[in-house]
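A.B. asks: So Swiss-Prot lists the following for this protein:
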DOMAIN    45-111  domain 'Importin N-terminal'
REPEAT    56-88  repeat 'HEAT 2'
REPEAT    95-135  repeat 'HEAT 3'
REPEAT    194-231  repeat 'HEAT 5'
REPEAT    236-268  repeat 'HEAT 6'
REPEAT    276-325  repeat 'HEAT 7'
REPEAT    330-372  repeat 'HEAT 8'
REPEAT    440-476  repeat 'HEAT 10'
REPEAT    524-558  repeat 'HEAT 12'
REPEAT    562-600  repeat 'HEAT 13'
REPEAT    720-754  repeat 'HEAT 16'
REPEAT    860-893  repeat 'HEAT 19'
REPEAT    897-931  repeat 'HEAT 20'
């Protein structure tokens, strides 16, 4: 509790001896905390004050700090210290002092009833904590006693002050309960006790709220107190009178916010749905607010409309199932639904003119789920009633999704535009969900409206209306399979008729085409209707994201039908790339689109297109390779390498991706001869080496080079084989000069794909031995500066053991050094590195029997590994990593049982190891548990979690309740 040697001096004491926890020193430290301009001094003071609050002396100085002659800041600290002592150190208080402590707190609260409100609140919180710790046995009628004591007439404080102090105390009591650190069994007892005690609270609150003489401040406090108590899951029928009083209080503008909060909290209790009769009584009360709601909307009173909407939604959303079940009351519930519809369609643009409509969206999900969960017969009845409601909802949502006029939108802040974007996404999600209720009729409905809008000659249509209807289509088509819809051909036919005069409309047209790309793949004759629009949009930088992402979707989904358009697509793409119209990320997407496109062409066509597409970049790269390195040409190099790697990511002439997706047999025959990507890579290999020679010490450039090959390897798989020898050689030279994590990651890919093939084993083995040797040297020099390299190295070793354990049979591999370095890596502070090291050991230990050098090193150095694992569990590693260390223990037990049974007993015999908090019995129990469990990995993880809590002194604390 009290550790004097660690206390920093207060009040500028600096390195002076630690100060005693006296009233004077606390006051000096508080002065320093509030008024010293030096931030270090403030931090020292704060640390010292926290220690002071935890010290035994806090019981003494807290009361003195509450004296009337002290300023509120000092009194507040005294009250806070009392709360901390009571809530966190309750076990230190002798039982014979409970009553005197209670009496002192009552006295102080009475005194501060007419004093500082912040101090009063802290004292009330302290007394609330005391009550919770004493209930129900040591203080069985705590709440009734509080009410009785504060109603006593002999108090020196005026009745209003006493009343407000009592209400503050009653308000913080449930709040303190919600945040208290009571053990679970105590929490349950106290909750039951409080639920009984609400009988002493609610009549008082009703009386104060309903009597005309109660001042506004008292009635507001009553509502807050009620709001606090209902969160204890008080039966809704017991709250009926107070809820009705709160509804009446909604007419008072000063009480409006508190009334809303109280009503919403009462209605939203999880248990409230059991009290259907009370819920039915609430519907007329909510419907009775409609005039007030309409008046608020008319007057632009956003706060009032927002509050009333919260109440309606709370009732509808939390209890739709219970209210739907009351078939004889269907009309009143439908009226509530229509009231919520009014809130959804509240006039004005979100979030500038209104912030209410967004509250209602989840209600429509809930109502639909509840309707669709009924048995077929009942569902059919409700569908008849609510399908028209949901069609109306679609109209309302699409109206709300409309952009404002260009002029108005121009005045919106970037934050308002972002909120509106998110709001539209929420509307999109709702529309997609509503499709489940309305089905294909919804698409027909949208199509008819769009058709009428675009073909009407009576009046010019607004682009906003068109955009919203398209947005509705897009929302549904993005996630629902519309391939069998009979309206999509008509929609594709309508799109070219849209007069696009606005960026937002153009964006939505693009995204709608993108959402229909799978449909276009099944109806390729329609591609020509929309492709020209997409290619035209590519030239507009304002449509960068929508046009490029749409082209990428079309090239991915429709690639086998695009050869007739390939030349045009490549030409337009080349043009926009050369003009640098798009940002880097969109350029990368465009290259991926072209990769998909080229994959479906004949090899000669691919090579011809590749040549025209990348020649300008190769020439630029040749020029850059001659220049002296500087920041601007580095950016250009990384950009060009990025373009190439993104192109090669998707250029797959063997159609591996189609194999994964189980595509129809529309793909082209697998071409004979070298892969076009390999041809290009071989042509530019010397150039890439030249670039590397100048930029070897730049991680970004090395990463970009490795990315080209890594993405190519992942896409080409076995087709990459001709490149393996020269790439292994280049990687070896790179890594020998300056080790980089990206080179190890690429080596891991090569090991994964090619190490098991005899033809490629020699170059891969040579590379593996080389990078291992270089990395081991790095360990000797100080690996702590390179956690990323160590992480990648551990992943490489694990992959080697998984794919080709023979790599560990080579005499030139120092398995012992590798093992020791991996043990060292277990002690790194970086979690990913530790995880990777654990992953290596869980791959290594099962190989003890089959790979002789591995078995030998485990026998010789396995004890060292166990010690490191136990140290980590003992407290040296983050608790979040315990599952990884448990995996090592499980592997040791499963594959090296006889060794582990000796090592673990020897290791745990050492005094204070792995933690001074452990008893010999606890250590013995742990070792026996571990040695017994060789099958159930989950059980071992549970044992390790429990043991690490014991080691850290956290076992059984609330702090670890969710661990």
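Just so you know, glycine gets a Cβ as well, placed from its N, Cα and C.
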A.B. asks: Please list, for the repeat 'HEAT 3' (95-135), how many residues fall into helix, strand and coil according to DSSP.
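C.D. replies: Tallying H, G and I as helix, E and B as strand, the rest coil: 36 helix, 0 strand, 5 coil.
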A.B. asks: Give residue numbers and ranges for long-range contacts of the repeat 'HEAT 8' (330-372): same chain, 6 or more residues beyond its ends, CB-CB under 8 A.
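C.D. replies: Hits for the repeat 'HEAT 8' (330-372): 280, 283-284, 286-287, 290, 293, 297, 300, 302, 305-306, 308-310, 312-313, 315-317, 320-321, 323-324, 379, 382-383, 385-386, 389-390, 392-393, 396-397, 399-400, 404, 408, 412, 416, 419-420, 423, 426-427, 430, 433-434, 436-437.
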A.B. asks: Determine the mean pLDDT over the repeat 'HEAT 6' (236-268), rounding to the nearest whole number.
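C.D. replies: The predicted confidence over the repeat 'HEAT 6' (236-268), as a mean pLDDT, is 96.
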A.B. asks: Counting only residues 6+ away from its ends, which parts of the chain sit with a Cβ under 8 Å from the repeat 'HEAT 5' (194-231)?
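C.D. replies: Residues 135, 141-144, 147, 160, 163-164, 167-168, 170-175, 177-178, 238-239, 241-242, 245-246, 249, 252, 254-255, 258-259, 261-262, 265-266, 269.
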A.B. asks: Would you kindly list the residues that approach the repeat 'HEAT 6' (236-268) from elsewhere in its chain, counting only those six or more residues past its ends and only Cβ-Cβ distances under 8 Å?
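C.D. replies: Cβ under 8 Å, 6 or more out: 198, 202, 205-206, 209-210, 216, 219-220, 223-224, 226-227, 230, 274-275, 277-279, 281-282, 285, 288-289, 292, 303-304, 307-308, 310-311, 314-315, 318-319.
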A.B. asks: Please list, for the repeat 'HEAT 12' (524-558), how many residues fall into helix, strand and coil according to DSSP.
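C.D. replies: Helix, strand, coil within the repeat 'HEAT 12' (524-558): 31 helix, 0 strand, 4 coil.
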